[in-house]
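*Asks:* From TrEMBL, here are the annotated features:
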SIGNAL    1-18  signal peptide
TRANSMEM  33-55  transmembrane segment
TRANSMEM  86-106  transmembrane segment
TRANSMEM  118-140  transmembrane segment
TRANSMEM  152-172  transmembrane segment
TRANSMEM  193-217  transmembrane segment
TRANSMEM  223-244  transmembrane segment
TRANSMEM  256-275  transmembrane segment
TRANSMEM  308-326  transmembrane segment
TRANSMEM  387-409  transmembrane segment
TRANSMEM  429-451  transmembrane segment
Amino acid sequence: CLTFQLACCCGIAACSLCCKCCPKIKQSTSTRFMYALYFILVTIICCVMMSTTVANEMKTHIPFYKEMCKGIQAGEMCEKLVGYSAVYKVCFGMACFFFLFFLFTIKINNSKSCRAYIHNGFWLIKLIVLAAMCSGAFFIPDQDTFLNAWRYVGATGGFLFIAIQLILLVEFAHKWNKNWTVGANHKQMWNGLLALVTLILYSIAVAALVLMALFYTHSEGCMYNKVLIGVNGGLCLFVSLVAISPCVQNRQPHSGLLQSGVISCYVMYLTFSALSSKPPETILDENNRNITICVPEFSQGLHRDENLVTGLGTTILFGCILYSCLTSTTRASSEALKGIYATAETDVARCCFCCVPDGDADAEEHVEKRGGQTVVYDEKKGTVYSYAYFHFVFFLASLYVMMTVTHWFHYESAQIEKFFTGTWSIFWIKMVSCWVCVCLYLWTLIAPLCCPTREFSV
């Protein structure tokens, strides 16, 4: 019986090995969960490889460590298994894994085809293939050329991942406002909700701007911080005025302050994140002692416990990356990137409009019980999400994780323990992301004015 259950790991019912008491799960959900689990596993390995603390503990507590390193040809002290080069190789294997599945799953429309069965099952075999790809990258000849070329590929993919998230954020803001505006045509309650949420969003944005001006500036320095806080605050005000201008309202009646409020809050978040990632400045006080400025005084005490800050911060960061991957791989999101949006007439106003799963109409089409957790086969008539787009997003996320863990362009001195000490490359990447987000939103407002003969959906 145990042999039979283990064999099921290679089939399409891996999740049915769970207890009967577990609630039923859809096939589309379980498949995405398994791929996400693989992604988390490799990400954890990358973080361990970048940790000098773990490397030192392994040298101290593992018997015959030196002999083991020589046996697996990883260097005298396993130096080939740590550092940025090792992370590049492991992420190369993971990226290749997802990219091959992206090519393999193009134009799959339902779960009945042979390719769909492979996508939705054979988990043990896939895990072995993933491990082989990650390990095989260590045997690529001419490592220096490979690392230099792969670094540029990783940077391009990482920037593209950021761009996709920014595009989907702008799409989310428009969809939110359009959905609630439709409800306002039937009930005045939705107008009140629109006004309340808009007020809250702008209150948060203004409060964040004021707090950053108080804690991240100093009278004798912090010129970068002062200029960038002022510029980003001015950009938020500018896009808000553009959104409610008569010329934009004539072409896009669904445009309003709610979208601008969402974008303003996100811009403030990126500004805060960028300022927190910037290397601190030092000046001489009246006693000729070096003092740190441009960072809050209370944060200096927090950064003393580097292991706690790094562990908690890294967990939150990669949790957000995983959430972005899963939420941006729905069919609605993939269609939004192509410029296809649901029309206002087909939307039903609801508070949690973004949480409605795709394909509910077919959710109960086929239910199968195999002695364990009940699996609902909800993709017989059509896929709930785009398989190819799902793998492509995880391919880009693999590159983004690679660049993030290795501090982007400061890879040679990168350590996971110093993940939040701040580097100029991370600072400018976040700041440029902030400006790109504003430009994307601004383009959705002025595009109908620049191209009056073309029909725009948002």
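Just so it is clear, glycine is given a Cβ too, placed from its N, Cα and C backbone atoms.
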*Asks:* Which one, 193-217, 256-275, 429-451, has the most C-beta pairs under 8 Å toward the transmembrane segment (152-172)?
*Replies:* 429-451
*Asks:* Short question: most Cβ pairs under 8 Å with the transmembrane segment (118-140), which of 33-55, 193-217, 223-244, 256-275?
*Replies:* 33-55
*Asks:* Hey, would you say the transmembrane segment (256-275) packs against the transmembrane segment (193-217), going by three or more CB pairs under 8 A that are 6+ residues apart?
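*Replies:* Since 3 or more Cβ pairs under 8 Å link them, the transmembrane segment (256-275) and the transmembrane segment (193-217) do come into contact.
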*Asks:* Which sequence-distant residues neighbour the transmembrane segment (86-106)? Criterion: at least 6 residues beyond either end, Cβ under 8 Å.
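*Replies:* Same-chain contacts beyond the flanks: 38-39, 42, 45-46, 49-50, 80, 115-116, 118-119, 129-130, 132-138, 140, 147, 150-151, 154, 157, 387-388, 390-392, 394-395, 398-399, 401-402, 405-406.
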*Asks:* May I ask whether the transmembrane segment (33-55) has at least three C-beta pairs under 8 Å with the transmembrane segment (429-451), counting pairs 6 or more apart in sequence?
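*Replies:* In this chain the transmembrane segment (429-451) does not contact the transmembrane segment (33-55) - fewer than 3 Cβ pairs sit under 8 Å.
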*Asks:* Is it true that the transmembrane segment (387-409) and the transmembrane segment (33-55) have 3 or more Cβ pairs under 8 Å, skipping pairs fewer than 6 apart in sequence?
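*Replies:* Yes; at least 3 Cβ pairs under 8 Å.
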